[in-house]
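Now, the feature entries from TrEMBL:
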{"type": "ACT_SITE", "residues": "HIS37", "note": "active site, proton donor"}
{"type": "BINDING", "residues": "30-37, 149-152, 186-189", "note": "ATP binding site"}
{"type": "BINDING", "residues": "GLN61, GLN155", "note": "(R)-pantoate binding site"}
{"type": "BINDING", "residues": "GLN61", "note": "beta-alanine binding site"}
Amino acid sequence: MPIFYGKVALVEFLNSVKSTNSTIGFVPTMGALHQGHLSLMQQSLAENQHTVVSIFVNPTQFNNAEDLEKYPRTLEEDTKKITQLDPNIIIYAPTVDDIYEGKVTSQDFDFDGLENQMEGKFRPGHFNGVGTIVKRLFEIVSPDNAYFGEKDFQQLQIVKKMVSKNHLNVKIIGCNIFRETNGLAMSSRNERLSAEEREKASIIYQTLLEAKEKFKTQDCNEVKNWVNTIFESNDIFDLEYFEIADEETLIPCEKQSKDKNYRAFIAVFVNNIRLIDTISLK
Ligand code: PAF
């Protein structure tokens with residue numbers, strides 16, 4: 001299994017394996033891999049001759065020092081999982097210095113307002129950090145296709161915007177959310193929940209499903225109010241936001257319009273652990 005800790009050796013290796021007709025698929029991750037990440041890798045393996053997976057806990061996208069410190073770092077287990085899936089996957093697990101070269105700061109991006117909604121309101125600077133690392137990784141790996149989970153739908157739209165504004169030659173592919181059996185969206189943070197919290201967290205997806213049903217006959221604000229009341233009466237989960245927004249612009253819905261595709265977004269805290277989820281309302 002080829003594993004690289006520095007970009008120079010990785011680029012040299014990729015230049016040597018890439019032949020005229022082969023494509024590189026890329027799955028950027030922050031490690032603590034779960035089935036959701038592995039499904040992105042499977043898709044990349046099915047669609048490309050070579051797959052690169054990066055494992056890098058990116059400091060500039062954390063707006064909370066404690067969250068960065070507590071983020072699980074499990075490189076050994078991660079590499080085992082990847083090798084079991086396919087020993088030919090190329091792993092890039094750089095140091096902070098290999099990426100940031102002594103200057104750990106974010107670039108300032110203009111994502112045409114996508115960055116100001118939802119996650120952007122609650123996590124200042126987060127998307128500049130994401131834009132910075134994804135652009136940097138694309139420059140190093142030069143992938144043909146890159147795979148992102150739809151759980152972070154706002155991130156997915158932001159990456160697409162960054163690619164189009166910078167004229168980068170990479171196709172961004174959004175992949176379905178992988179869920180636990182009770183419907184909870186897979187996330188590295190789920191490991192930090194107690195067994196009881198993890199079971200009860202099914203309320204998040206159940207609420208999204210019911211909201212989708214209600215949205216067929218009710219307007220945006222009615223559905224939003226209903227979700228607020230659900231969480232007001234819950235003593236384990238604190239709702240940070242529930243929003244219904246246009247999928248393209250992420251502008252919140254005030255009144256349903258037939259020619260728009262809407263999506264519901266939710267962020268919930270349980271015991272200081274932040275969980276997000278989303279569902280298409282089509
Ligand atoms: O979604 C993530 O895990 C991260 O935001 C990403 C895309 C790997 C960038 O650090």
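Glycine is no exception: its Cβ is also placed from the backbone N, Cα and C atoms.
Cβ neighbour count for SER188 (ATP binding site): 17 (other Cβ atoms within 10 Å of its Cβ, all protein chains included). The Cβ neighbour count for the residue listed as 'active site, proton donor', using a 10 Å radius and every protein chain shown, is 26.
When the recorded positions MET30, ALA32, HIS34, HIS37, SER188 are checked against ligand 1, MET30 have a Cβ within less than 6 Å of one of its atoms. The two recorded residues GLY36 (ATP binding site) and GLN155 ((R)-pantoate binding site) have their Cα atoms spaced 16 Å from each other. Counting every protein chain shown, the Cβ of GLY36 (ATP binding site) has 22 other Cβ atoms within 10 Å. If you take the Cα of GLN155 ((R)-pantoate binding site) and the Cα of SER188 (ATP binding site), they are about 16 angstrom apart, rounded to a whole number. For GLN61 ((R)-pantoate binding site), the Cβ neighbour count at a 10 Å cut-off comes to 22, with all displayed protein chains included.
Spacing of HIS37 (active site, proton donor) relative to GLY149 (ATP binding site) is 8 Å (Cα to Cα, whole number).
In this structure, GLY149 (ATP binding site) is part of a beta strand by DSSP.
Take the CB of HIS34 (ATP binding site) and look out to 10 A: across all protein chains shown you find 16 other CB atoms.
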